[in-house]
Every structure is written in C-alpha cells, then in structure tokens.
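Enquirer: Below: one structure in structure tokens.
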Amino acid sequence: MHWPITRECTRVWIPDPDEVWRSAELTKDYKEGDKSLQLRLEDETILEYPIDVQRNQLPFLRNPDILVGENDLTALSYLHEPAVLHNLKVRFLESNHIYTYCGIVLVAINPYEQLPIYGQDVIYAYSGQNMGDMDPHIFAVAEEAYKQMARDEKNQSIIVSGESGAGKTVSAKYAMRYFATVGGSASETNIEEKVLASSPIMEAIGNAKTTRNDNSSRFGKYIQIGFDKRYHIIGANMRTYLLEKSRVVFQADDERNYHIFYQLCAAAGLPEFKELALTSAEDFFYTSQGGDTSIEGVDDAEDFEKTRQAFTLLGVRESHQISIFKIIASILHLGSVEIQAERDGDSCSISPQDEHLSNFCRLLGVEHSQMEHWLCHRKLVTTSETYVKTMSLQQVINARNALAKHIYAQLFSWIVEHINKALHTSLKQHSFIGVLDIYGFETFEVNSFEQFCINYANEKLQQQFNSHVFKLEQEEYMKEQIPWTLIDFYDNQPCIDLIEAKLGILDLLDEECKVPKGTDQNWAQKLYDRHSSSQHFQKPRMSNTAFIIVHFADKVEYLSDGFLEKNRDTVYEEQINILKASKFPLVADLFHDDKDPVPATTSGKGSSSKISIRSARPPMKASNKEHKKTVGHQFRTSLHLLMETLNATTPHYVRCIKPNDEKLPFHFDPKRAVQQLRACGVLETIRISAAGYPSRWAYHDFFNRYRVLVKKRELANTDKKAICRSVLENLIKDPDKFQFGRTKIFFRAGQVAYLEKLRADKFRTATIMIQKTVRGWLQKVKYRRLKGATLTLQRYCRGHLARRLAEHLRRTRAAVVLQKHYRMQRARQAYQRVRRAAIVIQAFTRAMFVRRTYRQVLMEHKATTIQKHVRGWMARRHFQRLRDAAIVIQCAFRMLKARRELKALRIEARSAEHLKRLNVGMENKVVQLQRKIDEQNKEFKTLSEQLSVTTSTYTMEVERLKKELAHYQQSLGEDPSLSLQEEVESLRTELQRAHSERKILEDAHSREKDELRKRVTDLEQENALLKDEKEQLNNQILCQSKDEFAQNSVKENLLMKKELEEERSRYQNLVKEYSQLEQRYDNLRDEMTIIKQTPGHRRNPSNQSSLESDSNYPSISTSDIGDTEDALQQVEEIGLEKAAMDMTVFLKLQKRVRELEQERKKLQVQLEKREQQDSKKVQVEPPQTDIDLDPDADLAYNSLKRQELESENKKLKNDLNELRKAVADQAMQNNSSHGSPDSYSLLLNQLKLAHEELEVRKEEVLILRTQIVSADQRRLAGRNAEPNINARSSWPNSEKHVDQEDAIEAYHGVCQTNSKTEDWGYLNEDGELGLAYQGLKQVARLLEAQLQAQSLEHEEEVERLKSQLEALKEEMDKQQQTFCQTLLLSPEAQVEFGIQQEISRLTNENLDLKELVEKLEKNERKLKKQLKIYMKKAQDLEAAQALAQSERKRHELNRQVTVQRKEKDFQGMLEYHKEDEALLIRNLVTDLKPQMLSGAVPCLPAYILYMCIRHADYTNDDLKVHSLLTSTINGIKKVLKKHNDDFEMTSFWLSNTCRLLHCLKQYSGDEGFMTQNTAKQNEHCLKNFDLTEYRQVLSDLSIQIYQQLIKIAEGMLQPMIVSAMLENESIQGLSGVKPTGYRKRSSSMADGDNSYCLEAIIRQMNAFHTVMCDQGLDPEIVLQVFKQLFYMINAVTLNNLLLRKDVCSWSTGMQLRYNISQLEEWLRGRNLHQSGAVQTMEPLIQAAQLLQLKKKTQEDAEAICSLSTSLSTQQIVKILNLYTPLNEFEERVTVAFIRTIQAQLQERNDPQQLLLDAKHMFPVVFPFNPSSLTMDSIHIPACLNLEFLNEV
C-alpha cells in the first residue's frame, strides 16, 4: 500500500486480537525500506510494529477527526475495514445513532432498547424528503422506495437481512408502518393492521428460542404490498421460505421448539382444551429436548391469547382454530409414542394401550389400528408384487419424525395461505413494494443442511447486490461523463456454480438420494472426488464426512450427517393415506395433492391485477420412490423465483447488525460486528466504492470548502468550474487521482484527506500569522502599561515626600498656636473668678434695697383698694333710694289713667248698636249645626240597620254552627266532648307551664347574654391586640412571599389559559374532523353516484343535492304566546333549580293546572248531559220519522256549502291581507324588538278565534239550510196527503227552537236573493200579503232569537252558580277536614297550621290579583298597539290622499314643468324574490372573484347578505331566512372545495364569513353586542328572529375556512423553510461544507436547484399579509395566522435540525440566529409582534444558542440547562450528539459532557416525543369586531349583476 503521508504524528490502524483494530500514532517519520514503525498507542504505550517489506503492507491510515461520525461510510476519505468499524462504533456508542448509510445500504444496529424515533411525527418529517437530506433511517429507505415507485412506475423491493436477533423483523415492520401511513389505505380495512395482526401468528408457528435469540424467525418471508394508481395500499401477500422443520423433532441444548407448542401447553387447563389431553411442556419429548422450557420475561399463556385474537381478526373460524390446535397437540402426542424394538432388531411394535397414540388418532380422526401398523411397517412395490416389510427402531423413529415434520409443514402452509386470503384484495394492483425479511449468513460449530441452504440463498442475494452496486456505479460515471474503467469486484458466481450447477453439490445430493443404499459418507466422498480442484471447495484434514465451502463472507465447514435424510424429507405413502382418510375435513384437506406446487411469478407493472404468490415451501406430494422433488430442488426453484422477482424490481438494502450476544443496550462488540459486516456485504460495497472514485464533490461545495486554497488572482474568474480545475491541477499532480464530471468532481481514496490536510495547513499558517501579530500587539500593550505604571509610581512617591514636609511645618505652627491659646486661657480664668465674686456681692446688696421698696408699695395698694369698695357701696345705696321713689310715682299715675278708661267702656257697653254687631252670623251657624245633626242622625240609622242585619246574620250563623256542633257532639257522644275539654284544659296548663319555663329561660338567657357580652368585649380587646400582632407578622410575611404569590398567580393564570386553549383546540379539532368526514362523505357520494349511475338515471343538480345534504340546519326560533307557555319557557330558560326557587311561577303553574282540571270536569259534565239528552231524543223519536235526505237535498246542501265557503274564503283572505299590512306598518313604526312579536301574536290569536267561531257558525248555517231544503221538499210532496207533517217532523237541530215554516221562508228568501225567478205570487197577485207575512215572520224571528238568547244566558248562569256551589261545597269539605286534623294537633302546631293556611290563602289572592293586573296590562298593550296600527293606517291614508292630490295637481300642470318627488330614505334592506335566490348565490358567492371587488368596501358580500336577511326578518319570512342562510353556507363550502389551494379566495371568504358573523351579532338585539352601535345602527337590528344557532354554524364554518387557509399557507411555505433557514448562507462565507457521501446522489433528487433564501419566505409572508389586509380580515385573526405560520417554521426547522447531522454546527447556529432576527424585524415592521409568533420560535432560538455555547465544563452544562427551558431533554441530548465540527479547530462534544447534561436534566418531566408536531394547530378565536358602517351607506357596484335586488 502506498502511503501519501509518512511523517511523524500520522495516525494509523493496527490489528488487535481483542478490539480487532486499534488506533496508533507515528512517533518517527517513515522512510521507504524501514522494517518497522515506531508507534504510540492511545494509552501512551510505545510499540514497534513490524512491516513486511516484500509485500509492502503498511497499516491502514486513519481518517481526519472531522470525517469521523459521518452519516455515510462512503464519505470517508480512507475506505477500509477499520474506518468503517470505528465510524459505526462512534455513531452507535457516542451519538446513539443506530442507522448509518454505506452507499446504497442502510446499516441498522440493534440497540436492544426502545427509541423514540418511530412516531408519526418522524414519519411526517421524512415524508417527501430526499434520502441524503436527512439522517439515516429506515423511514428514509422506505420513502426512497415509495417515491421511486410513484415516479418511475416500477416495482420496488426492500431487502432486510441479518443474523438472528439483529432486528430484521422490527425493521420490516417499521417499513410496513411507513407505507401504511404515507400511502394510506384505499379502503376501510387497514391492510397494515392485518399484516401486524398476522405477526403474532407467524411468530407463534415460525419463531423459536435459539442460543442467540429468544424469538428467532426460523423461516424467511417476502411480503408484497400492493398499491393502486393513486399509490394507496389495496392489499398484501406473503411468501415463506425454508421453514426449519427439523426443529419440530429436535432442539439443541438451551433451545426450544416453536412457540406454539409451549403456548398450547400453557393453556391446556382451559375448558375448551380438555380434549387435547395436554399437560406440561416438560412431559412431551418434542418440547423437552432443549432443557429449560420457559423464557425469562415471556408469558406463554398470554402470548397464546394474543395468537387466538389474531386468528379471529384474520377471519379464521373458531372451529378451524380448534382443529389447528388439535393438529399441533397431535404432533406432541406423536413424539411421545413409545416404540419397542423386538429381539431380532429388525422389527418394532407399539403397545395398543399407548395413551399418546390413542390421543394422536383421536385428535386427527384416523383409525388407531392402521396407524399403529403403518408406523412400524412399510410397503415395497415391485413390478410383480407388493411386500409389507418391518422396520428397525431407528427407521421407525425417523419415519415418525418425518411424519411429524410433514404434518407441521402442511399446517404452516395452510395458515400462510389463509393469511394471504385475509390480505387479498379484488382491486386491480398497479404496482407493489416488496419487503424481504430473510436470514443472513450463518456459521455455527456444527453446520447442517439448513445452514447450507441459508448460505446458498445469501450467496445469490450477494451476487444480486454486487451487480446492482456495480450497475449504480457505472450509471453514475456515465451520467457524469467520466471515462469508465472496469472495476474488478468480487464475483461469487463460481461459488454459486459449485452449489447449483450441473453435477454441483445439490445435483450430487439429489443423485445420492435416488440411490437405494445411499449414505451421507458416500455423498461426501463423491464431493471430494468431483470438486476437490475447485477453489471454493475444501476438504477438512481431520474428517472424512465434512466439507468446507469458501463463501463470500467466510469459510464454513458443513457436517454431511443428515443431509440425505433432510433432503429426501421421506414420508411414507401409507401414513399419508391414513391422514387423507381422516374424518376431520381440515386434516384431510392438508394432505391432498396440489395441482401446481411451484408458484408462478409475474414481472412488470401491468401483467396481472394480482400477483399470485404462495408459500415457497409447497405442500409435499405423497412419497414415491419415483420422481419426488427433494427439499434442495424445491428450495433452489423458489430461490430462482425470488431472484426473478427481485431482479424485476428496484432493490433497497437494509443490513441489520447484532452488536453483542448478551443483548445489552448500546454495548458494541467489535469482533461480532466485523464478522457480520463481512457477511452482509457492507465491506464489499466499501471495496467496490474504493476501487473507483469514492469521494464526490459538487463544484459549488468544493469551491466553498477549499476556497482558502485558491489564489487571489484566480478568484477574479467567475466560472467556479474553471477555478476548481486550476486549483486541483496545482495541488494534485497526478491526474489519475481525480476526474472532472459534469456536475461533480470525483476523487480517489485518500485525496480528500490530502486536501483536508492542505486546508488545515493553510489555516494553521494563517493562524500562526494571526497569533504572531496578536502576541506582538499584546506585548506592546503590556510594555505601555508597565511604563505608565512606573511613571505613576514615581509621581505618587514624590508627592508623598512633599506632603510629609508640609505636614511637619503645619505641626510646628500648630504647637505655637496651642501654647499661645493655653496661656491666654489661664489668664482669662483668673480674671473671671474675681469678676464673678464682685458680681455676687453687688447682687445681694441690690436685692435687699429692692425688697424694702416693694413692701412699701404693697401697703399703699391695699389701702387704695379698701377706699374704693367703701365709696362704691355708698353710691349704690343712694341710687336705689332714687329708683324706688320713681316707681311709686309711675304706679299712681297709671292707676288713675286706667280708672278713667274703665268708666268710658261701661258707658259704651250699655248702648244697643254694640249688641247688634255681636249677634251678626249666629243664625247661619245655628242652621249649619242643625243640618249636621240631621246628617249624623241619618248615618247613625243606616249604620244601626247594617249592624242589626250583620248581628242577625251572625246570630243565625252562630246558631247554625251551634246546632252543627251539637249535632256533631251528639254523634260523637258525651265522653269525647268531656275528654276534649279535659284535654284542652291540660293543654292550657301545659301552655302556662311552658310560658313560665320560657320566662325563666329568657331570664337565664339574658344573664348569660350579659356575661357573654362582657366576655366578648374582653376577647375583642385581646383579638385587637392579636390582630395588631398578626398584621405586623402578615406585613413581614407579605414582604417575603409577595414574589411567591405573584409567581403562583401567574402559574394559575397560565394553567387556566392552557386549559382554555386545550378545550378550544379539542372543539376545533372536532370541527376539523367533521369537515374531513363531510369531505369524505361528499367523495363517497360522488363515487356512489358514478358507480350506480345507469342510462335512465338522472342526477339532481349539484346545488340541489348540496342543499338537501346540508338542510339540517336549525330552524328559526320564534317567541311563544300565552301565560302558561311563558311560564314553561321561563322554567326551561332558567333551569329547574332556579325555577324551583321561584315560588310565584310554581304557584301560577299550579293554579293553571287546577283551572284546566276544572274546565275538563265542566266539559265532561256537559258531554254527559248532551249524551243523556241525545239518548232521550232517540227513545222519544218514533222510527218512522228517521227519513233520509233525498238526492236533491244533498245537492242543495253541497251547492250552499260551496257558495258559503267561497265567500268566506274571500273574506278571510281580505282580512288576512289587511292584518299583514297593519302588522308591517306597525313594525316600521315600532323600533323596539319586543313589541312586534306581541302585537302580531295578539292579532293571530284574534284571527284564530274569529276563524274558529266563523267555522262553527258556518256549519250551523249549512245544517240549517239543509234542513230548510229537505223540509220544503217534504212539504211540497206531502201537502195533500199529510197536513200534520209539522207535528211529526223531527229536526236534528231542535235545540235552537227554529220553526219549520220560518226555515222554509228563510230558504225561499235566500233563493229569491240569489236568482230573481221566484216570487210570492202563489199567495196573491200583488204580493202584499206575502210581504206582510214575511215582515211578521222576521219580527217573530227576532223576538224568538232574543228569547232564546235570554234563556241560554239564564241556563249558563244557572250552570255557573251550580259550579260555584259545588266548588264551595268542596272547599267547605276541605276546611272541615283540615279543622278535624287541627283538633288532633297540639296548640302550637294548630297555630302554625293556621298561619300556613292563611299564607296560602293570601298567596292565592295575591296571584289572582297579579293575574288580573297582567290581563289588564295586556289589554292595555293590546289597545295601544291597535291604536298605533290605526294611527299608522290613518297616516298612510293621509299620505296616500296627499300623494293622489299631488298627482292630480301634477297632471293638471303644463307638461313642460316637471316636479320630482322626493324618495324615501334607504332603510338598509334589500328585497329579492324567492325564485332569484339561486341567482343571488351564484353572482354573490359561487361565481364571485375577489378581483371584482378590488375598489369596493371590504367584506361587501357579507353586508349584502345581511341586508337580504334583514328584509326577510322584516317581512317575518322564516323560510326565506332559513333558505338564504343554508344556500349561502353551502355556496361558500362549494367555492372553498373548488379553490382548495387558492390563498386569496380562502382569505376572501374567511373575512366575509367572519363579517357576516359579526353583523349577526352586532344587529341581533343583544345588549352585549350593541354597546358600540350608533342610534342609526340600532335601527338596523333584527326584529323577529333569533339567529343564535346560525351564528354557531357560521362560527364552525369560519373555523373550517381558517384551517384551510393555514393548510394552504403552510403548503406554500413548507418547501422553502429548510432551504432558507438551514441551508442558505444568509451570512456569506460563514458556513463551510463538509464532505458528503454517496447518498447525496439520491435518485429521487430533482435536477433543478430548489434552494430558497430567507427573502423568499419574507416575500411570501408579505404577500399573505397584503391579501388578508386588503380583504378586510380582522387584525386579531391575522395575528393568529402568523402565529401559526411561525410555529410551523419553528417546528419544521427544528425537526430537520434534530434529524440532520450536517447542519448541527456552530455556523448553523449563527445563521439561525441571524434568520430569526430578520423574521422578528419583519414582525415589528408589520406591527405583528403582539401575535405571540416570537414565543413560538423560542425552541429554535434556544437550539441556535445551544449550538453556539461552550460545551466543556460543569459551568457550561449548568448554563445550557438553565438556558434551554423550551427544549426537552431528548432534544438537548440529540443536538449535542449531532453536533459536528466543520474544521479541526473545533472540538467534539464529549460523551462525559452529555452524561453530565442528562444527569442535571433528570428532574425534568419532559414528554418522550423527540420532534415537534408540525401538524399542530393552535385553536383560533374570533373576537367580536363590530363595523362602523351603516347598512344604508353601502353601495352595490354594477359588476355584481344584482339588479334584481330592490332597495327598501
């Protein structure tokens, strides 16, 4: 091997016995000719590695660290075994990645642990993606197969192979799940579920425990999934290969038989299995050879129940299941049959009493004697005669075992056939995808016939795999126009020829089987003789019965013992014939010969509607010595058919690897891994790739990666291909090391590593230059810093010395100053002492003089005071004497004057005039008083009379009561009265005692109350003190817990919001599911109409069918009428609990029930009376008078009835029209929404009553007229014969007292008014007598009518009084009963009962008064409404008259003068005819384009529809409202279904639907929605109908439209997201491209460039925002739309980040942060930042930060945990595992650091879901948004073609 790098520090791989390969590093440069290498191992040990100089075999070179952990092994620069093994180990152990690409092969390592990478979200993430874009996964392979099938229309195959326990079945199962999820099922029966349901059955009958696997599949299977033309799954089929039948009769140590045997034994105790006669599995020979019969952690009984359920699910009847279990149990009994050898050794026998043989024969329904005989004998047929020969013991055992194996094989084939029937479909198959789950290469210590067949099959598969890989390599080279050179790859055709060619191993084996005395040793000797010269065949040295075959994977030594027996599979014909004669049909059917045991195959896509596939192990024909096909021949044939099928399809390969034999999770055994990699062909793929140009780079990627190696002058060239050519020609001198393709550059192995080294050297040189410059700059900065510090220190030292000198001078000066001041202080103190002594002496002296002066002044003041008081007393005495004298003089003068006035008054009183003046008016007063006395006397008399009357009545009543009491007492006897009196007395005494006790208790209570009050006051004081302390403590606690409380409240609010969002989400999901079901129903209905359509069948119009299908909308609710109905409605509205609390409503209803009951009784009484009268009439009436009316009378009756009905019909129509006009006029005047329905209902009641009364009267008139006609005809017919007919005639309507002559005259009068043909001429000529007679009759008729009316009134009054009397009697009886009951009660109870009775009586009276008031109020409202109606009519009449007068005047004027009439104001209503409704919906909904209304008011269709609804409400036409709303909703659905991918149309109808919903709320009359309305808008409210239910329907429709809008927007954005957010370089030159592998040339990738940049997403969202704003969509909904879209961007980007190793790097994090900042800036620019869209991007923001953070220390781990709050633990660990350095200067994340993160995040309760749900949709909320427009201001453009709408 040539080494491109031979210098020190080169890393290499050397062989190691334990780890297979070990890494080492050169410590010394290698020179050509050196015999050894100086190496340093990873544990720092030095090793001298010898080299074979002659062969020049140097160790393998190790790849750069940047390439380690690649998704594709072909991306490695050095492709060899240690590089592959190391890459798989790093991915598996460090990153926990179980999938890795190796060219076209997916390598899957069994983790022995459940991983969360198979959910629905992962399936959706891989759906539609190219294979190389995402991380390796089984879903990626399945998606590639599905996509190629759909694009190329070619059948596909997925070949899953591997050792037992490597996970083949699980991988195949996940591939099936992917197809079922992505492809879906075309029918209701899910085929994938049925295939999975067949899994427990196939595992039970085909899996067993081996030394390597507890659930090893001992057969191969090929499942074909059929698809139709729309690529939906329609069916499936299964082939099986090489069932290991020998396991039925033999198991090695620590192995088991097939699971079904142990399951059946575990369930032997069930009642239905008693007849199987089974016991424990240890008791049977066939299940106990391996030792332990149980598996740890496996419950055979539970698994058996699953097997039975699977049988039932697949349609296997219970009887067939029992038969199957009988056959399986019979095999166990057959294996336990005891065979006894005879003495001669050539014969054997079985005991007739053998219990197992009896059970075997009984379970299979065969004869015991025959089976016993033919188990020990065989038949030999010659040309002349037939012999029966005995068999030896070994021959009998072999025959028995062969029979058991044959029975089990036939049963296995039967079950597989029935599974295929269950999975079969009758639909035509367009294409299929096959999943092959087949055993891998096997080699054991002892290899037999089964391992030979398995390895033979793997040789064939490997040959097909090698040719396919070679073919792909050739296609790639030819596509890129690279000179094709033949690659020498391993061709295993010689090995295959050794096995299957003429005179090969299989042919020699078949020939030996035909030889009568053939043995395994003879066959082995023939192999030695024939194939000893073959390079693939070897003979062991120490054995003559074994041989070695050199397979592609390894040498395998096969032991020839048993080959012939297993190949013959001998089953004697006699035993089979016995089984054919079984009395059980299933057993007999198993052994019937098949017509065609070899299954046919088909290739191509259209050869057949169904691929006919059967089990590859066909049922065996009865054993003949003639041309019986051997097992090897059958297996070779089925294998050829399989290879034909695989060659006709496009294969995809999955190689499953078992990492260890101990089944430990994430434990890697290199020895076992290398062994399987060699066996499964992965290394061969590597070798083929390495033989050519394994590394492929696109020109763009190569330029971006190695741009640093390009010289500056070369960058001036704009052609990147030319730049790449010049760079490679300068860097790599050997032109054979690379080739330039059409779109890629191809490199030989090792060249990418060489380029990486050059790039690293370039970077290292640049880094050194940068480091040199930076370090020099740092030293300069350090020197400047030191110099500045030195100068600063000097400056501070000099300052310090100067400050010390200044301090000394200041101290000296201070000392002098202190001395001076001290001396001055001492002198001052001496002076102060002398001064204070002088001052004290002066003070005392001056005080003595002042005290003397004060005493003298005080004496003088006291003398002055005494003088002042004495002089005042003397002055007061003098004043009092003067005042007394003045008063005496005044009294004398006044007395004199009064005497004079008295004398004058006496004189005046004696005069007469004075008396007259006094007596004026006294007479009037006397008269008035007299009148008043008279009036009082009259009043007194009347009162006395009334009193006497009342007293008399009361006395009479008292006497009557006394009599009744006496009568009652007499009836009861004297003793009860006495006892009652005694009881009353005792009750009185008890009552007094109770009163006294009560008083005592009240006193005690008052005392206790006082004490308690005192105690309460004390406690209140203590409580006040405690409250103060509590408040202080609370303040302290509040200060501490304020933050905690705020956090708790925030958490509670968040929880409440979350619950609300979840509830809304569930509801909207239900709406979404309903819309999906509705869509599915429409599709199914269309399909049914297409299927069922016949030539004579005519479809309904689509709009009609849609109306019929959607006609289940709620009807319009109207108000009920009547008191009882109102009460019932009130009860329904407020609920039963609240209604029960409303006593008034309850009593009102109760009273209404009583009234109805009374009315019913009255009607019943009247009916009984009427029946009695009728019966009396029948008895009195003679039978001769029962005369039938003749035909003329019937004719007259019919004619009269018709005339009356026509006239009454005309009248009723006129009345109805007038009433409607009146109601409409009143509705226009009355703006209140509650007034119109009441007036209308009242008028309807009046009309109804009038109509009923009219019908009654009409019937009476018709009967009367009929009687008149019949009587007249009888009178004319029998005038001469029977003159006294009037006395005998009986009238049915005799209660009306109508005279027969009067009826006849009335009839003639009617006839005269109708036709003027008859007159009264038959009486006299002039007719005067007739006229006089007619007048008298009319007068008599009037009088008689009055008399009858009075009599009827009298009868009614009598009946009413009787009813009142009966009611009073009933009430009196009730009162007597209650009185008797009260007498039996205690006094207190009597008082309480009396109070209750009084309360109920007052309540009833109150209710009666309320009802009376309500009736009066209703009458008042009714009269007011009628008055309004009449006023409206009068106003309309006046207006009409004025209009007519103006019209007349206008006509009278000259024609040249034109006077324009002023039109009425537009009321905001649009009128249309019912037949124009379809045209309205078509022009306004179905055919409307949003561009037509570009300049109009936003949401114009919604306003127009509401104005039409308002007019229908105005006219009270509920059918019109219902029809219009239903047609509108169906039309919108039809438009949305037609334009299901048009964002503009969907947004247009979302805005209009929401606006119509807002209009129905705004103008509903509900005060909650009318707060922002103007007075004009309140006039436009609905008057008659409550459309609440329709609002709910429109709300649901809005949710459906919103979901469709989001779906369209997501469909337009999703293809851009990954490219724009992750792949496009928003910051140029930031990201470097890593080497890519084989998968980047995936055949499913498009040739065009589908890359998008972030500006494309922003442009698209700008377009969305512009459309929604222009169409008037509510801003709140716009915010929710962008919140949903940003969540989708976040979910798709993060999911791709979690599934792509190539984008998890530091530069991607920088790009993500930049892109997110651009999106946030766009949100702020559009004022959408309040939508919460940024919060939905939080996981992506944290993921970008996680990519950029340091990932080394414990502090870094803590920072990551605290920062990544929106990411789950699995997501954080996944990103850390995926993190990939883009160059060698970055470091990988260590496993220890990831474990640290996991340890710190253990406390989190994160969901187990790895990916975000990209399909999740936030629940939408439609907030109420009223419009400021009024209906009368809206203009309808002419482009809508709505001329038939009339403005009202």
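Each residue, glycine too, has its Cβ placed from N, Cα and C.
Just so you know, TrEMBL annotations are computer predictions that nobody has curated.
Residues or ranges marked as domain 'Myosin N-terminal SH3-like' by TrEMBL: 7-59. Taken from TrEMBL, the feature domain 'Myosin motor' covers 68-760. Annotated ATP binding site per TrEMBL: G162, E163, S164, G165, A166, G167, K168, T169, in sequence order. The annotation region 'Disordered' is assigned in TrEMBL to 597-629, 1093-1121, 1167-1189. Sequence annotations record features per position, and here TrEMBL assigns compositional bias 'Low complexity' to 599-618. Residues or ranges marked as region 'Actin-binding' in TrEMBL: 639-661. The coiled coil feature in TrEMBL is assigned to 895-946, 1202-1264, 1333-1463. Sequence annotations record features per position, and here TrEMBL assigns compositional bias 'Polar residues' to 1101-1121. According to TrEMBL, the feature compositional bias 'Basic and acidic residues' maps to 1167-1179. The domain 'Dilute' annotation in TrEMBL covers 1526-1803.
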Enquirer: Could you name the residues, excluding G162, E163, S164, G165, A166, G167, K168, T169, of the same chain that surround the ATP site, i.e. Cβ within 8 Å of the Cβ centre of those residues, in sequence order?
Expert: N110, N213, S217, G440, C656, K658
Enquirer: For the domain 'Myosin N-terminal SH3-like' (7-59), what does DSSP give as the number of helix, strand and coil residues?
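Expert: Each residue of the domain 'Myosin N-terminal SH3-like' (7-59) counted once, the result is 0 helix, 26 strand, 27 coil.
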Enquirer: Given the binding-site residues G162, G165, G167, and counting only Cβ atoms in the protein chains shown, which has the most within 10 Å of its Cβ?
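Expert: Top count of Cβ atoms within 10 Å goes to G162.
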Enquirer: What counts of helix, strand and coil residues does DSSP assign across the region 'Actin-binding' (639-661)?
Expert: 9 helix, 8 strand, 6 coil
Enquirer: Take the Cβ of T169 (ATP binding site) and count every other Cβ within 10 Å, whichever protein chain it belongs to.
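Expert: Result for T169 (ATP binding site): 20 neighbouring Cβ atoms inside 10 Å.
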Enquirer: Which residues in the same chain, at least 6 apart in sequence, have a Cβ under 8 Å from the Cβ of E163 (ATP binding site)?
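Expert: Counting only residues 6 or more apart in sequence, the Cβ neighbours of E163 (ATP binding site) under 8 Å are R212, Y439, G440, F441, E442, C656, K658, Q676, A679.
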Enquirer: Enter the number of other CB atoms within 10 angstroms of the CB of A166 (ATP binding site).
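Expert: A count of 25.
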Enquirer: What are the sequence-distant neighbours of S164 (ATP binding site), meaning same chain, six or more residues apart, C-beta distance under 8 angstroms?
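Expert: Once residues fewer than 6 apart are set aside, S164 (ATP binding site) is near T210, R212, N213, S216, S217, Y439, E442.
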Enquirer: Determine the Cβ neighbour count for K168 (ATP binding site): the number of other Cβ atoms within 10 Å of its Cβ.
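Expert: Other Cβ atoms found within 10 Å: 26.
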